[in-house]
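Quick look at what Swiss-Prot annotates:
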- 5-242: domain 'ABC transporter 1' (DOMAIN)
- GLY37, GLU38, ASN39, GLY40, ALA41, GLY42, LYS43, SER44: ATP binding site (BINDING)
- 252-496: domain 'ABC transporter 2' (DOMAIN)
Amino acid sequence: MGMHIEMKNISKAFNGNPVLKNAQFMIETGEVHALMGENGAGKSTLMKILTGVYKKDGGTIKIDGQERTFKNAKEAEEYGIAFIHQELNILPNLTVAENMFLGKELMYGKTGILRTRQMNAIAQQQLAELGLHVRGAMLAEELSVGQQQIIEIAKALMTNASVIIMDEPTAALTDREIETLFTVINKLRKEGVSFVYISHRMEEIFSICDAITILRDGEYVGKRLIPETSFDEVVSMMVGRSIGERYPERNSQIGDVIFEMRNGTKKGKFENVSFQVRKGEILGVAGLMGAGRTDIMKAIFGYEPLDSGQIFINGQEVKIDSPIDAIRQRIAFITEDRKSEGLVLDFSIRENLALPNLENLSKGSVLSNELEQQFTEDMMKLLNVKASSGEQAVKSLSGGNQQKIVIAKWLGIHPQLLILDEPTRGVDVGAKKEIYSIMNKLTEQGDAVIMVSSELPEVLGMSDRVLVIHEGKVGGILGKDEASQESIMALATGGE
């Protein structure tokens, strides 16, 4: 096992638009190598060229000193290069073993009858070697995302993968699942397996990786060994400038209570939740995965109305039974799943921006092309959206630009309360700072922001107060001076 890969001067254009220009990447046997860059820098495209999904326009790929190009991903996989995408390729209604043997099923001769017992036993043994003890006959839908990720790695190893490419591998994992993943990576690197680690999570990269290659605007910027670089240097290389402090300075002018929930309860999700948000405030919401944070936000927005309890806006009790009720109260909700809930991927930027703003963009009862065009231009400029025009389909945008479109479409209703659920997940460092600046602008105008985040540095860096949820109840509320990673985790896990 073991493989040395060298990619040099790789170029690629789509419809005449250059995506990669003289990109380079090299990985050694048993190395965990981060591939970093802002969204749209060309990281995934470069790896798709390596694995035969896209054909390069120029440059060379050498594997163990021999020039090599794959016709498709299957050919690359057979050669020993596996790509585990952010959206895992696990079929929930199949068993663990069926997922692992998909396309490679063991059969009794040519009868078409599966060797189910043998496949279950092999699957269990493979997973046990990676520290995951589950039955091969168990349905994949019963497993957590972290466990499904280990199954993807086991699938890759069953095809004798020497190089495993992982795209944003920890985006949906709990802290404990991340630890498990890192244990598996460390075990396999000692056996000569190499990992390409595509991520924006700097702390993880400095914890698990040996080296970093940085791309910017499709070009190779440089390679650094982890012990010889710093967070600031990597960020500067990624964005082509120093972005200064990670979190922009906040000048909080906190005013009257704008929103209050009293004893909010949703059966089976959360109970007796009470808290307030004030004008000009960013309220961070922390808690372990499954604690009920998103469920509370969905209740505020009317997706899943409260079974009991009260909601007050500016001191007046209101009933929110649907998103329309929430929008009338100028409440906006940006969900954590932007692709399935926040955007219509086949629509253009302009069409997505118009969706919650049809009333404001109409003259009489007719949608005004002029108003729609102006609104699109204004929002793209305000949020620094990188796109060819407002007619570009949102599915072709980078993750950071997609997130900006989700935020922009809700800014059109001039929200007095903006709820952001995991606002910077899968977003690069430069785009993160722009999103933080938007949050600050809103609060400086006297509006309020609720930010749900699993990244504690983000919660601490941006929040005026932190609401901690534990098993569907309020674990505690911490002021800026009291909040620390330790105090938040103590409340999130049921401590004092």
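Positions of Cβ are set from backbone N, Cα and C atoms, glycine also.
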Number of Cβ atoms other than its own within 10 Å, given for GLU38 (ATP binding site): 26
Averaged pLDDT score, the domain 'ABC transporter 1' (5-242): 89
Fewest other Cβ within 10 angstroms of its own Cβ, chosen from the binding-site residues GLY40, GLY42: GLY40
Residues satisfying Cβ distance under 8 Å from LYS43 (ATP binding site), sequence separation of at least 6: LEU35, MET36, GLY37, ILE198, LEU215
Which same-chain residues, if any, lie at least 6 apart from SER44 (ATP binding site) yet have Cβ under 8 Å of it: ASP167, ILE198
Protein Cβ atoms within 10 Å of GLY37 (ATP binding site), excluding its own: 27
